[in-house]
Each structure stands twice: as C-alpha cells, then as structure tokens.
Amino acid sequence: MNKAPHETRVVVGMSGGVDSSVAALLLKEQGYDVIGIFMKNWDDTDENGVCTATEDYEDVVRVCNQIGIPYYAVNFEKQYWDKVFTYFLNEYKAGRTPNPDVMCNKEIKFKAFLEHAMSIGADYVATGHYARVEFRDGEYKMLRGADPNKDQTYFLNQLGQAQLSKVMFPIGHLQKADVRRIAKEAGLATAGKKDSTGICFIGERDFKEFLSHYLPAQPGVMKTLDGEVKGRHDGVMYYTIGQRHGLGIGGSGEPWFVVGKDVRENVLYVAQGFENEYLYSTSLKAVDVNWVSDRKPEAPFRCTAKFRYRQPDIGVMVHPLADGKAEVVFDAPARAVTPGQAVVFYNGDECLGGGTIDEVFRNGEKLWYVG
C-alpha cells in the first residue's frame, strides 16, 4: 500500500450486522476514506417469506451516520438470481446439497461488488469476514480468522490473487467478543443485533418450505440399501446425506439416517445407527477446484481439509488433476461427506483453496449418493 490512509478509498460491504459495522468503524478510525455499501441481492416481493432487507438497510444507515461515512445501496438481484440462486436450485434438482455462501462470495461479494467498488474509485473493498490476508513470498496468502469459532475461510475458498490484492478483512484478527465490545463501546446501533445464520441473503426461513416454492414436492419411497421400504419422502431434494430429523421412521433402537439418493428413481436410501458404515467414506473427487495462489500444485501433497463448515480438520492426501479437478484421500474414514458441499484445503492457518465435492467413495466404491 503506497498511498496514505486518507488518500486510500475503501468501500465496505455492509450487511446491517455487527461485523461489517465494526469493520467500517475500524477503517474510519485508521483514517481511510470509507464508503459503506449495502448490497440488495434478493427481491423480497418474490414470495411470501420474511425478508429483513429493509430493516438491515435502516441499520446500515444508522451505523454509517454514527461513524460519519457516506453510504448507499446497490442492487445485485439479477446477478444473484443468475449466478447464485439458479445454481442453488439446479444443484438441489440434481440431488446435491449446494453451498450458496461459497457461490455468493465468488460471484457477488468478490466479483460484482468488487467491480462496482473499483468503478467508483475504490482502492480496496472490505467486508466483515473472519479471515486474514498477508502478503509474503511474493504472493497474497489467505489465513484463518483469529477466532477459531468464527473463521470463514471455508466460504472464501474460491478467492484468488486478483481478489486478495484488493481486499481488507478489518476484523479478521479479532475475537467475536471483541467485535461486540468495540461496537458497544462506540454505541453502534448494531451492537446487540444477533448474527444471521440463514442462507446468504435469504435469511431465517423454514428451508423446506422455502425450497418448495421453487421445487414442488415429488413424493417417493424411502428404502434401506437391501430394498426394504421404511416410509415415504416428499422429494429427495429436501434431504441431505447424514440427515436424521424429519424422516418419520419409528421403532426401537438407534435413529435412522439418510445415506443415499437415487434422483432418477426418486428413492431416498436410509440406514440405521450413528456409526453405520454407509455414512462413512474414504475419498472424494472434487470439481471447480480453485488454488488461492492461482497455481495448481504439480504433485500430490499432504494437508488438512474440511468437508463442512465448523468441522474439525482431517488429514488428507490431495492429488491435483486436470480441468480443475482433484482426488482427495482421507487419513481416516469421514462421516456424511456430501456432494455439492465444499472441500477446503489448509496448511496450518493458511487456506490453500478448495472445490465442490462431486463424487464420494468408500474403499474405491462410489457411494449411493446421487443416482
């Protein structure tokens, strides 16, 4: 960074939450030329769900006025629908369980929003993500957020050098409790606002009910892998691998879990027991693999990986393949590894990149996850 802070324009993506509020506050206190932008990515008149976009924007206005920075809203609804929501629906139709937050970061926050910010003279964009960027050895490294319970690098695995060179994560070095404390001490309107846990920009709705607006129910049978019918389901797209709630299978003994889907035959496969062998896999194939360094490793390498957010890292051997693919072999069998979710690679605190889980195997045999 060659310019002095007061000559450096940073455009902050503000959601109306405490994290992005404190990110903007810290940048302002450090002397940057800060602008707050609220991204409107969802048309809340589309269906009858509850959308909090209006009150979130009001919170952004309040916080920006308190901090003393200009603000406005930008509409990315079309890009969100085309790049994120359409992908989300198509993946569910195919029987997979997508991660829209990964796609939202890739296509909206660090593409459409980044491009908009650059068009208004920004030097950098900033967000309230719990992640860190360091420049060393001639390249940008993405590191886990200092708060292990809040680290969000899992969702940022598709970022590369072009984005990281233009991104600041002002709260990445802080614990969540410190962020709340800073907001409270500054009297920010969002200091006590609870964190959102819903899908990126869709909010806190009943998921199955929400999905049914776009993917109508397709009832079918629920079977064991031996072919015994255990009940009926509303549509395989409403269920995910490892799910136990909402199956409606009674009886004694351990609970039942979803272990597979056959989309063509509209069959949901279930098995009994927390440790059922069909819940476990030993390797996967990933597609759309991104390397943060922008360089595909030339040889297989050892690292750790996550197959879902907040999961402890497990040791793996990664075999990079052509066409953005990779084979990942686990040190120990892993439970409920799910096609459509992200697999993300780490070397200590450094996030190396990640991809989308495409196929899952147990001892070389492809599991019954998608027909």
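Glycine too: its Cβ is placed from the backbone N, Cα and C atoms.
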Can you match one of GLY95, GLY121, GLY128, GLY138 to the ATP site that Swiss-Prot gives for GLY13, MET14, SER15, GLY16, GLY17, VAL18, ASP19, SER20, MET39?
GLY128
Neighbour tally for GLY13 (ATP binding site), based on other Cβ positions within 10 Å of its Cβ:
24
Considering all pairs of residues in GLY13, MET14, SER15, GLY16, GLY17, VAL18, ASP19, SER20, MET39, GLY128, annotated in the record as contacting ATP, what is the maximal C-alpha distance expressed in whole angstrom?
16
Looking only at C-alpha atoms, tell me how far HIS129 (site 'Interaction with tRNA') is from GLY17 (ATP binding site), rounded to the nearest Å.
11
CB neighbours of GLY17 (ATP binding site) within 10 A?
20
